[in-house]
Amino acid sequence: MTAVEEWDEGPFQPEAITVRVPAKINLSLSVGPLRPDGYHELVTVFHAVSLYDEVVARSARGIALSVEPLRRDSDVDAVPADERNLAWQAATLLAERCGVEPNVRLTIRKDIPVAGGMAGGSADAAATLVACDALWGTGLRRDELHDLAAQLGSDVPFALHGGTAIGTGRGEHISPVLASTGLEWVIAVLDAGLSTPKIFEACDARRRRSGEQAPAPGVHPDLMAALRSRDIGAIGAALYNDLQPAAVEVLPQIGELLALGVAAGACGSLVSGSGPTTVFLVDSPLAAANVEAELRASGRCRAVRRARGPVPGANVVNVR
Ligand SMILES: C[C@@](CO)(OP(=O)(O)O)[C@H](O)COP(=O)(O)OP(=O)(O)OC[C@H]1O[C@@H](n2ccc(N)nc2=O)[C@H](O)[C@@H]1O
Ligand SMILES: Nc1ncnc2c1ncn2[C@@H]1O[C@H](COP(=O)(O)OP(=O)(O)O)[C@@H](O)[C@H]1O
């Protein structure tokens, strides 16, 4: 066969696309007032970390979806494998937007803790947009994918973006942050999950009880200055989450773990988003090993993981 004949075969039709997508933590999460649409105005510093889900999109007729653990200790029991799954909704939305049939078999390989405040469902939705766009050849620009992502959930646009970025509005408006250093994390995964809307409600209830008005949300300048520096101690001291007191109130063992990790040598500790996952910033391999060992020994964690950030958002890692 000549080279010319090979070119005449027509466009390449992929059979399967694999997209890898990271979990997020919120280096700061400032929650403002409840809006009339049921969301809270917020300002957050998102940070993508090296805990990943993978989504494989294969040619099919109609939509099918399955969920598998990526590692032996990954938990997938609470993840719906039907139209309630945010990945299913992402495929449907993209197909409607582009006027194509939603023909895809999705396999979600999960490692991001479920209902852990690390935006696993949002990550899978972002990965599905990228995977189906490649599989179907719909060729949307990143800003067009971003618009669809924002319709699926407040955290979905950041999962496309990755890195370290400020989220405003209900979290869907993203602008990148210049961070000059990589960060190392120890992550404590609990057996329990927490519901995001319930923790926002608990935050409002705490404010009502104490007569506190919801402030206009913002990012503390100390955190931005610390991120521009290479001062891990300053970053650790500036970590901040308005939802943390509510998460600790609902699940007091979170507070005990936060204290344990700091006593073991972490430079800073934080509940990730609405929890219950807790994350610990460490400045050396020795500190990481100490924190990890103490968290494991507490017997309160389903898994203890190490991760680094920032890492890129959803991207194609394999095409067949
Ligand atoms: C708290 C955060 C912090 O990044 O993350 P998680 O802990 O869920 O990972 C996010 O704000 C969660 O974003 P996401 O999980 O995408 O929420 P959505 O599906 O958009 O909204 C679910 C529900 O959470 C509440 N919600 C969410 C975002 C927001 N700015 N204000 C809210 O009050 C609303 O009750 C909403 O109905
Ligand atoms: N692809 C998905 N992965 C995980 N959970 C999903 C997914 N699609 C829908 N869900 C539902 O979303 C809820 C929140 O899960 P998740 O996104 O992991 O947590 P969080 O909102 O705390 O970051 C789960 O309890 C589950 O019922």
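Cβ coordinates are placed from backbone N, Cα and C, and glycine is handled just like the others.
In TrEMBL this protein carries:
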ACT_SITE  Lys24  active site
ACT_SITE  Asp155  active site
BINDING   Pro113, Val114, Ala115, Gly116, Gly117, Met118, Ala119, Gly120, Gly121, Ser122, Ala123  ATP binding site
DOMAIN    85-163  domain 'GHMP kinase N-terminal'
DOMAIN    223-299  domain 'GHMP kinase C-terminal'
Taking every residue in the domain 'GHMP kinase C-terminal' (223-299), what is their average pLDDT? 96
From the binding-site residues Ala115, Ala119, Gly121, pick the residue whose C-alpha lies nearest to the C-alpha of Lys24 (active site). Ala119
Quick one: of the recorded positions Ala115, Gly117, Gly121, Asp155, flag those whose CB is under 6 Å from ligand 2, and say none if nothing qualifies. Ala115, Gly117, Gly121
Is any of Lys24, Ala115, Gly117, Ala119, Asp155 (recorded positions) within Cβ reach of ligand 1, i.e. under 6 A, and which? Gly117, Ala119, Asp155
Residue counts (helix, strand, coil, in that order) that DSSP gives for the domain 'GHMP kinase N-terminal' (85-163): 47 helix, 8 strand, 24 coil
Hey, what's the Cβ neighbour count for Asp155 (active site) at 10 Å? 29
For the recorded ATP site, whose residues are Pro113, Val114, Ala115, Gly116, Gly117, Met118, Ala119, Gly120, Gly121, Ser122, Ala123, find every other residue on that chain with a C-beta no more than 8 angstroms from the centre of their C-beta atoms, and list them by sequence position. Ala23, Ile112
